[in-house]
Structures are given as C-alpha cells and as structure tokens.
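Following: one structure in structure tokens, then a few remarks.
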Amino acid sequence: MSRAAAKFKIPMPVTKADFAFPSLRAFSIVVALDKQHGIGDGESIPWRVPEDMAFFKDQTTLLRNKKPPTDKKRNAVVMGRKTWESVPVKFRPLKGRLNVVLSSKATVEELLAPLPEEKRAAAAQDIVVVNGGLAAAVRLLARPPYCSSIETAYCVGGAQVYADAMLSPCVEKLQEVYLTRIHTTAPACTRFFPFPPENAATAWDLASSQGRRKSAVDGLEFEICKYVPRNHEERQYLELIDRIMKTGIAKEDRTGVGTLSLFGAQMRFSLRDNRLPLLTTKRVFWRGVCEELLWFLRGETNAQLLADKDIHIWDGNGSREFLDSRGLTENTEMDLGPVYGFQWRHFGAEYRGLEANYDGEGVDQIKFIVETIKANPNDRRLLFTAWNPCALHKMALPPCHLLAQFYVNTEKSELSCMLYQRSCDMGLGVPFNIASYALLTILIAKATGLRPGELVHTLGDAHVYRSHIDALKAQLERVPHAFPTLVFKEERQFLEDYELMDMEVIDYVPHPPIKMEMAV
C-alpha cells in the first residue's frame with residue numbers, strides 16, 4: 001500500500017470493477033478421431049484404445065503441476081447432454097472434475113437420477129447444468145468462483161460442442177487442442193470433427209507429439225498430439241531476436257559482456273478482454289513484474305522493499321559496490337536514487353533519500369494523465385517520462401523504459417499505450433517490460449473507466465547479450481502458446497493501493513524457465 005496521504009493518491013471510479021473479468025473463459029479441447037475425422041456415432045466410441053482413455057483421464061483431471069486436484073483447485077469438463085449420457089453411469093460425474101453439462105431442459109436432479117440415491121448428494125457438488133451452448137458455459141467459468149477455482153476448462157464433446165468451439169466467439173478463447181489420431185477408419189462414425197478446419201481464420205501449430213504408437217489391446221496405431229493457435233504477437237518478439245542474432249551489429253557495452261544489436265523496432269500487443277501479454281516460450285516472473293510496477297506507481301526508490309518480498313531484480317544495482325561505482329557514496333545500500341517511480345510521481349523534486357516524504361512535491365505525471373483522460377480524452381499530451389537529465393547522475397541506473405504516451409479510442413472507449421524504450425535487453429528485460437506496461441495500461445484504464453486496448457512497444461537499441469545467445473537459441477525452438485488472462489479478485493479505493501493478491505493470472509501455460517544471468 002502506498003505511504004502517500006490520501007489527497008495525493010489517485011481515486012478509483014465507481015466503474016473500477018466493470019472489466020475485472022473476461023467475457024469468456026479460455027478453454028482447451030480433448031478429442032480422439034479417426035482418419036476421416038470421425039469421433040463416434042453419438043452414443044459410443046467405435047474403437048478401443050485404453051491408452052487414449054488413460055490420457056483423457058490424466059489430462060482432464062491432473063493440474064498443470066501434474067498433481068491431483070484439491071478442494072480449492074480443479075479442472076472443468078464441458079460436454080453436451082448426449083456426451084454426458086454416453087459416460088457409463090458408474091463413472092458419472094467424471095471424478096475430480098467439475099462436470100459442466102449443456103442442456104436446455106435437464107436439471108441436475110434429472111441428470112443424476114440414474115445414480116444410486118446414496119451417491120447423488122455428493123455427485124451434485126461436481127456438476128453444473130448450463131442452459132445454453134459452449135459460449136454460455138465458458139462465460140460462466142470466466143466469473144467467480146470458477147475463474148479462481150477452475151485451473152483449466154476442457155471441452156470434451158460432442159460434435160456440436162466441438163463445432164461451436166471452432167466458431168466465434170469461442171474460437172478466440174481456444175488455447176489448446178489435445179488430439180488423438182486413431183490410424184483407422186471406423187465405418188460406424190456418424191459424427192465428425194475436421195481439424196484443423198479448412199480456410200480457418202486461425203492458424204494452428206503442432207506444439208508436441210508423443211509419436212505413433214500401437215495400442216496394447218486391439219493393436220490400433222494412434223498418436224497423441226497437442227496443437228495451439230499461432231501466437232503472432234509472441235512471434236514478433238522471437239523473430240526480432242532471430243533477426244538481431246543473424247544481422248545485429250557486434251558492440252561493446254558498459255557491462256563488458258558485449259552485445260549484438262540493431263536500432264529501431266516495434267511490437268504490438270492486444271490487451272483487450274483482459275488479455276495479458278506474458279510471454280510463454282519461457283516462464284515470466286509475474287510476481288516480480290507486478291510488485292515492481294506497483295512499486296513504481298507508489299513512487300518508491302528503496303530496492304529493499306522488493307527484496308523483502310523475495311524479488312531481487314534490483315539487488316545488483318542497489319549494492320554498495322555498484323552505488324559507489326556510480327559515485328553515489330552517500331546513498332544507503334539499496335537506495336537507488338530518483339529512479340522510475342520518483343520521476344513518475346515527483347518529477348523535478350529534489351531527491352533527499354529513500355526515507356523522505358515527497359507528498360505534493362514535483363510534478364505527478366501519472367495523476368495528471370488520469371485527470372486529463374477524464375477531462376479531455378482527445379488530448380495529445382497524455383505522456384510521462386522517467387528521463388530527467390538533471391537527475392540522471394543521482395540515479396543508480398538511468399531509465400531504460402523512459403517514455404510512455406496514452407491514446408484514447410473514443411469510439412470504443414479503449415485506452416492504448418505506446419512505450420519507448422532506449423535500451424532493450426531482449427533476453428531478460430523486454431519480456432518483463434512488455435508485461436509491466438501492459439499492467440500499467442490496464443490499471444490506468446481502470447482508473448479512467450476505459451477498456452484496455454493495445455500496447456505498442458517501440459525499441460531503440462534492441463540488443464542480445466553475448467552471454468544470452470545459447471539460451472535464446474533454445475527459446476527460439478519453442479512453440480508459443482496463447483497468452484493468459486488477468487482477473488481482479490479485489491478492488492481498491494486508490495490506484496496506488498492495489499496489491500499483488502488483488503489480481504490473478506489465469507490460463508497461463510508457459511514453457512519452463514530459461515536461465516539467463518543479468519549483465520550489471
């Protein structure tokens with residue numbers, strides 16, 4: 001929470017919770033089909049591949065960490081009524097999962113009637129009936145309590161539900177397709193799911209395959225594959241890294257590590273419908289992103305506040321040795337001087353150390369932007385800067401991301417942001433910066449009653465450190481997944497008082513972390 005007095009904070013409007021949740025929940029598909037895209041006859045599956053059934057159970061039941069569901073977190077399986085009825089009674093509802101059944105007429109009681117009476121009460125805790133199609137189901141799962149209690153929503157059939165999944169608005173939320181190809185043609189099939197569909201607006205990438213195997217029962221050959229929608233926005237980032245490594249100019253730098261660099265690039269990321277551009281080809285440290293951005297918004301300069309939360313991204317620049325190397329011998333250790341947040345909230349004020357109270361001092365650029373957007377959304381001076389030439393010598397590190405301009409689309413009531421970053425560490429810093437300014441734009445939109453629109457990231461010296469080349473080559477081999485969603489579980493009276501615990505990133509499916517050392 002900000003230590004500023006209330007009159008110097010930015011009050012949140014009554015509309016602050018209007019866009020706390022997405023319109024629809026992201027979801028995945030699990031399906032098995034034959035050579036002709038057949039999935040069954042509407043009542044049963046015309047082949048026996050127990051390995052696929054075991055995969056279905058594990059994929060839809062286990063959490064992403066491969067651990068069993070808990071009282072607080074489990075997955076959901078969304079199905080039509082006929083699919084529900086095709087499940088043997090003894091397995092209804094599917095254990096360890098929330099069963100979401102689509103039916104315009106049936107009630108929970110009717111669906112559970114075939115079960116032994118003594119099991120119905122417990123079973124009722126694992127089933128929800130939705131009067132509508134797939135869109136209605138994922139709309140329900142996007143809201144509390146399900147947005148937090150459900151880790152992954154799986155669409156499991158039948159044919160009409162699968163078909164709906166491939167059409168707008170659902171297809172825009174489809175994150176993964178787990179597809180088992182049964183290498184046979186089943187004449188009994190009367191239901192089909194052609195994937196990938198022809199002439200689809202969405203391109204699909206093969207993310208993984210377990211390889212072609214032979215079933216131990218009937219000897220049928222099968223292959224379990226995972227497809228993801230092509231993430232063009234993350235590919236911008238990967239393609240820029242590839243271009244830098246192939247054509248960049250070799251340069252020496254202040255760290256002594258050396259870089260490959262090019263000058264002038266731009267990337268664009270949609271923030272619409274709570275989308276958060278958190279890169280997926282390696283896990284991005286969201287907790288660090290969020291805590292640092294809130295630290296900026298509060299005008300803080302004490303890196304120890306982050307270190308106390310086990311966030312050590314500023315430890316190197318706040319060390320006694322580094323501060324002394326910058327001539328900041330009078331700064332206490334972890335006092336970074338008038339860096340980012342200080343310039344955002346107190347531009348032009350005289351810096352007197354990390355313990356001083358700066359309420360009302362300098363220009364509060366963030367508050368000015370919020371107030372101006374409300375009064376005149378067409379203003380072309382909606383920008384702030386962290387680059388203060390008069391104070392650079394007092395900073396532990398001159399700002400890398402130094403200028404941001406906001407733009408209001410008055411026709412759509414959307415707020416977009418363009419960031420200019422002078423020095424762009426593509427391996428470590430840029431993924432962090434993308435997520436940070438996305439969150440900033442989302443918060444400023446909340447504070448002004450607007451929807452988040454787009455983040456435009458303009459890069460000056462875009463560089464790859466030589467020590468990061470091997471790690472980035474490995475990252476380039478990975479297939480990007482869909483971006484996650486940001487939801488707000490709690491709201492605050494003032495912008496600066498939001499906390500990490502008030503937000504939750506859902507449906508984030510990244511590749512494992514890749515170790516890269518920071519060049520200091």
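Here the Cβ of each residue, glycine as well, is placed from N, Cα and C on the backbone.
The active site annotation in Swiss-Prot covers CYS400. The number of other Cβ atoms within 10 Å of the Cβ belonging to CYS400 (active site), over all protein chains shown, comes to 17. Under the three-state DSSP scheme, CYS400 (active site) falls in the coil class.
DSSP gives ASP52 (substrate binding site) a helix state. Counting every protein chain shown, the Cβ of ASP52 (substrate binding site) has 20 other Cβ atoms within 10 Å. Residues or ranges marked as substrate binding site in Swiss-Prot (evidence: similarity to another entry): VAL30, ASP52, TYR162, THR180.
Taken from Swiss-Prot, the feature NADP(+) binding site covers ALA32, 38-44, 81-83, 102-105, 157-164, and the record attributes it to similarity to another entry. Sequence-distant neighbours of GLY157 (NADP(+) binding site) (same chain, 6+ residues apart, CB-CB distance under 8 A): VAL31, ILE39, MET79, GLY80, THR83.
The annotation dUMP binding site is assigned in Swiss-Prot to ARG254, HIS401, GLN421, ARG422, SER423, CYS424, ASP425, ASN433, HIS463, VAL464, TYR465 on the grounds of similarity to another entry. Secondary structure at ASP425 (dUMP binding site), as computed by DSSP, is strand. All protein chains considered, the CB of ASP425 (dUMP binding site) has 23 other CB atoms within 10 Å.
The feature domain 'DHFR' is assigned by Swiss-Prot to 26-229.
As annotated by Swiss-Prot, region 'Thymidylate synthase' applies to 234-520.
Neighbour counts of Cβ atoms within 10 Å were compared for the binding-site residues LYS82, HIS463, and the top value is held by HIS463.
Site extent for dUMP: the farthest pair of Cα atoms among ARG254, HIS401, GLN421, ARG422, SER423, CYS424, ASP425, ASN433, HIS463, VAL464, TYR465 sits 21 Å apart. Using CA atoms as reference points, the binding-site residues VAL30, SER103, GLN160, TYR162, ALA163 were checked against SER423 (dUMP binding site), and the closest is VAL30. Cα of VAL30 (substrate binding site) to Cα of GLN421 (dUMP binding site): a span of 42 Å. For the domain 'DHFR' (26-229), the mean pLDDT of the prediction comes to 95. For GLU43 (NADP(+) binding site), applying a Cβ distance below 8 Å and a minimum sequence separation of six or more within one chain yields LYS82, SER86. Secondary structure from DSSP puts GLY157 (NADP(+) binding site) in coil.
A helical conformation is recorded for TYR162 (substrate binding site) in the three-state DSSP classification.
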